[in-house]
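Engineer: Handing you this structure, nothing more for now.
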Amino acid sequence: MGCVKLVFFMLYVFLFQLVSSSSLPHLCPEDQALALLQFKNMFTVNPNAFHYCPDITGREIQSYPRTLSWNKSTSCCSWDGVHCDETTGQVIALDLRCSQLQGKFHSNSSLFQLSNLKRLDLSNNNFIGSLISPKFGEFSDLTHLDLSDSSFTGVIPSEISHLSKLHVLLIGDQYGLSIVPHNFEPLLKNLTQLRELNLYEVNLSSTVPSNFSSHLTTLQLSGTGLRGLLPERVFHLSDLEFLDLSYNSQLMVRFPTTKWNSSASLMKLYVHSVNIADRIPESFSHLTSLHELDMGYTNLSGPIPKPLWNLTNIESLDLRYNHLEGPIPQLPIFEKLKKLSLFRNDNLDGGLEFLSFNTQLERLDLSSNSLTGPIPSNISGLQNLECLYLSSNHLNGSIPSWIFSLPSLVELDLSNNTFSGKIQEFKSKTLSAVTLKQNKLKGRIPNSLLNQKNLQLLLLSHNNISGHISSAICNLKTLILLDLGSNNLEGTIPQCVVERNEYLSHLDLSKNRLSGTINTTFSVGNILRVISLHGNKLTGKVPRSLINCKYLALLDLGNNQLNDTFPNWLGHLSQLKILSLRSNKLHGPIKSSGNTNLFTRLQIMDLSYNGFSGNLPESILGNLQAMKKIDESTRTPEYISDPYDFYYNYLTTITTKGQDYDSVRILDSNMIINLSKNRFEGRIPSIIGDLVGLRTLNLSHNVLEGHIPASFQNLSVLESLDLSSNKISGEIPQQLASLTFLEVLNLSHNHLVGCIPKGKQFDSFGNTSYQGNDGLCGFPLSKLCGGDDQVTTPAELDQEEEEEDSPMISWQGVLVGYGCGLVIGLSVIYIMWSTQYPAWFSRMHLKLEQIVTTRMKKHKKRY
């Protein structure tokens, strides 16, 4: 019995030791736990960081603060993102990708005490411009290093090349990383075990070395400033699966004409925005494993290259922004094709019959080409289609019912064609963007569009859509852009159209037949940037709740029947750049304000065709800070920017150079003040001369008096000045002749007197610029100044100069000439015959004849 107890006791001790020995290594070393906690405390957790982060495969992973689970009471081996060696307990891997970390990454970080690390992933955090420490090169056992998209900046240290065991190196970022050009090749030379190399957006600014690791499966060098000819050896890396050289505009790529060593392995090839030498060779036909090909913006021309049609396993083909032409061939061989983009090739033509042969398509973009005819109505195999873009072609006919029946449709863009008929009910419940603008569609807005839960873009402008705007539109709580302008909609604007939507940025209901008051409540916290309601029959007052639109850049309520005084409070909208209240029934004086922060960013102010009275609003004019500067930082024209310019161009009526224009895009330099057709009185404030960026000034058809301010000479970029039909008196300031950009001038029907300035632009204006001013004189008017010939027109001055240069000879000169000629002539004859030198006379005669002939030719040239 005692022996049995002894055996059980020894077995118990053995098992206890066994369990203890197997669990002890999992206890994190205290110094490493402390190092991790110190590392954690160097950063804050930003809960406003992106909720999702893309990983290297393009998939999205959810962000969350992994370090919140770290505390002293538990072993660090159990902490989120920390992995320990099962035998020794040493920390060998740290995965903190997408962990919402924010703060400076110091070069002496406690992280570098974890000397046994084999895998380190710090991607998708925010280290706010920290430098990459050379100490990363001390992790001698590291096989995986990912620092991408974490806002590192500066030069990538050469010590990274010491990590000779690296299999994966990912340091791509758009924050401003670079590698010293002569360090790139040595870096590759030492990293002979690399499988994946991603340096996207890192500034390399060098030629492409040829000493890449022969084990490479992934090489991503997009946007790195590579130049020169790509070594052909890159295409012969036998294990290569993914090659991305996109956005290197100085890189030349010449594809091998013979079979590539990588032809069996290569699955993704991206060469967007590089220079492709020669045509696509037949060797492309051997890329049997290729699934994705991006050759956009590579200057391909002619028909779609035939070798591409042999890529039977292709799933994504992107040939956008090229110069391809001719019809699109049938696609029955592309059985696996899911994404096809031929966007903006311009000269691709023919019909869409080829669509009948593909059943796997999920995304099709044929926009901005020359495709013609109707969309085939007998297509039934595109049930997987999610995105269809056919905008900016020459397509016509009705939109076939199969498009409205697509069960998984997410985005539809058929804009800028001539489609007719009605918009049918949509079957899909997943729509996020519907763009049918600029067609000939009619009928009502279908209810199925107004019941979408994820709709962000609804652009139906420039059609013949009729009926009322249903209150069901208020169900679109995710809407960002709503453009129903230039249709035949009538009735009132639903009050809830803005109230229930916190994402709405653009609201355009312009050029319809909407009536009633603007009873919409613009709620606090809205993000509206554009409100365009012009060209309707809206009445009542300007809604005071507009004061809640803190991000508003454009407000166009023109061409309505609003009856109100000037809404001076709109000046508190600090982002407002364009304000049009033209053609309403606004009235009364524009009261001055002591607040110098009103309308400071305004670039276009149109209050024309109203009933405003009193003096011009000098205090507001003095606040227009955006007009007090001329931006000479760029020579290329820039338009007032908007994050949704690609989808939407606002339509605003502006008056410049004597004409009204419906402008869809407005130059950032276009500064306009239009206060015409009102009842303003008093003098023109000289403070307008401070608005040196002004391009158009129209104060016509008011009751203004006094003189034209001499300060207008400061308006050096002014292109159009209209002060007509007022009671302005005095002379035209001579200093205005210095306005070299002035193209249109209208000072007619005033009480101006004196001489019209001469020179430069003033010599190009006609009588109509000055008519109705009986006291004016000088060119181009027939009335001369001063009552004598002292003042003449430029043409008369030229004639006088010509007459001064002509050889006019008075009668006294004629007599003197004859007398002198007679004496000299007789003397010459006497000398000639007395000296017997006729040869000498002959030579002298020839010489004189030559001189006279030359001078006569010069004289003729002057005329």
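Just so it is clear, glycine is given a Cβ too, placed from its N, Cα and C backbone atoms.
Annotation comment: Swiss-Prot describes 140-163 as repeat 'LRR 3'. What Swiss-Prot lists as N-linked glycosylation site is ASN211, ASN261, ASN299, ASN310, ASN378, ASN464, ASN519, ASN563, ASN698, ASN714, ASN746, ASN767 (among others), and the listing cites sequence analysis. Taken from Swiss-Prot, the feature repeat 'LRR 12' applies to 358-382, supported by sequence analysis. According to Swiss-Prot, the feature repeat 'LRR 14' maps to 408-428, an assignment based on sequence analysis. Taken from Swiss-Prot, the feature repeat 'LRR 17' applies to 477-500. Among the features that Swiss-Prot reports, repeat 'LRR 18' is placed at 502-524. Feature annotation from Swiss-Prot assigns repeat 'LRR 24' to 691-714. Swiss-Prot lists 715-739 with the feature repeat 'LRR 25', giving sequence analysis as the kind of evidence.
For the listed features, I'd like the structural context: burial, neighbours, distances.
Structural biologist: Outside the repeat 'LRR 3' (140-163) by six or more residues, the chain places 53, 56, 92, 97, 105, 115-134, 169-180, 183, 186-187, 189-191, 193, 198, 200, 202 with a CB less than 8 A from a CB of the stretch.
Sequence-distant neighbours of ASN211 (N-linked glycosylation site) (same chain, 6+ residues apart, CB-CB distance under 8 A): GLU185, LEU188, LYS189.
A coil conformation is recorded for ASN261 (N-linked glycosylation site) in the three-state DSSP classification, outside any helix or strand.
ASN299 (N-linked glycosylation site) falls within neither a helix nor a strand when secondary structure is assigned with DSSP, and so counts as coil. Non-local neighbourhood of ASN299 (N-linked glycosylation site): ASN275, ILE276, ASN322, HIS323, each in the same chain, at least six residues away, with C-beta under 8 Å from its C-beta.
There are 14 other CB atoms within 10 A of the CB of ASN310 (N-linked glycosylation site), with all protein chains counted. DSSP gives ASN310 (N-linked glycosylation site) a helix state.
The predicted model assigns the repeat 'LRR 12' (358-382) a mean pLDDT of 92.
Mapped onto three states, the DSSP output places ASN378 (N-linked glycosylation site) in coil. Non-local neighbourhood of ASN378 (N-linked glycosylation site): SER356, each in the same chain, at least six residues away, with C-beta under 8 Å from its C-beta.
Same-chain neighbours of the repeat 'LRR 14' (408-428): 367, 383-399, 401, 434-449, 452, 459-460, 465, counting only residues six or more beyond its ends whose CB sits under 8 Å from a CB of the stretch.
The Cβ of ASN464 (N-linked glycosylation site) lies under 8 Å from the Cβ of LYS440, LEU441, LYS442, ASN487, ASN488, each on the same chain and at least six residues away in sequence.
Residue counts for the repeat 'LRR 18' (502-524) under DSSP (helix as H, G, I; strand as E, B; rest coil) come to 0 helix, 8 strand, 15 coil.
The Cβ of ASN519 (N-linked glycosylation site) lies under 8 Å from the Cβ of THR492, ILE493, GLN495, GLY540, PRO543, each of which sits 6+ residues away along the same chain.
The DSSP secondary structure for ASN563 (N-linked glycosylation site) is coil.
There are 24 other CB atoms within 10 A of the CB of ASN698 (N-linked glycosylation site), with all protein chains counted. DSSP gives ASN698 (N-linked glycosylation site) a strand state.
Under a cutoff of 8 A between CB atoms, and with a sequence separation of 6+ in the same chain, the neighbours of ASN714 (N-linked glycosylation site) are GLY689, ASP690, VAL692.
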Engineer: About how far apart, in whole Å, are the alpha carbons (Cα) of ASN746 (N-linked glycosylation site) and ASN261 (N-linked glycosylation site)?
Structural biologist: 74
Engineer: By a Cβ-Cβ criterion of under 8 Å, what residues six or more beyond either terminus of the repeat 'LRR 17' (477-500) are in contact with it?
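Structural biologist: Same-chain residues near the repeat 'LRR 17' (477-500) but 6 or more away: 437, 445, 453-471, 506-523, 526, 528, 532-533, 538, 644, 647-648, 651.
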Engineer: Tell me which residues of the chain lie with their Cβ under 8 angstroms from that of ASN563 (N-linked glycosylation site), as long as they are six or more apart in sequence?
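Structural biologist: Looking at Cβ-Cβ distances below 8 Å from ASN563 (N-linked glycosylation site), excluding near sequence neighbours, one finds THR539, GLY540, LYS541, ASN584, LYS585, LEU586, HIS587.
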Engineer: For the glycosylation sites listed here (ASN746, ASN767), tell me which residue's CB has the most neighbouring CB atoms inside 10 Å.
Structural biologist: ASN746
Engineer: For a three-state summary based on DSSP, what are the helix, strand and coil counts in the repeat 'LRR 14' (408-428)?
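Structural biologist: Across the repeat 'LRR 14' (408-428), DSSP assigns the residues as follows: 0 helix, 8 strand, 13 coil.
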Engineer: Report the same-chain neighbours of ASN261 (N-linked glycosylation site): residues 6+ apart in sequence with Cβ closer than 8 Å to its Cβ, ordered by sequence.
Structural biologist: PHE235, HIS236, LEU237, SER238
Engineer: Can you count helix, strand and coil residues in the repeat 'LRR 25' (715-739) using DSSP?
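Structural biologist: Reading the DSSP string over the repeat 'LRR 25' (715-739) gives 5 helix, 8 strand, 12 coil.
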Engineer: ASN698 (N-linked glycosylation site) to ASN310 (N-linked glycosylation site): how many Å between their Cα atoms?
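Structural biologist: Between the Cα atoms of ASN698 (N-linked glycosylation site) and ASN310 (N-linked glycosylation site), the distance comes to 64 Å.
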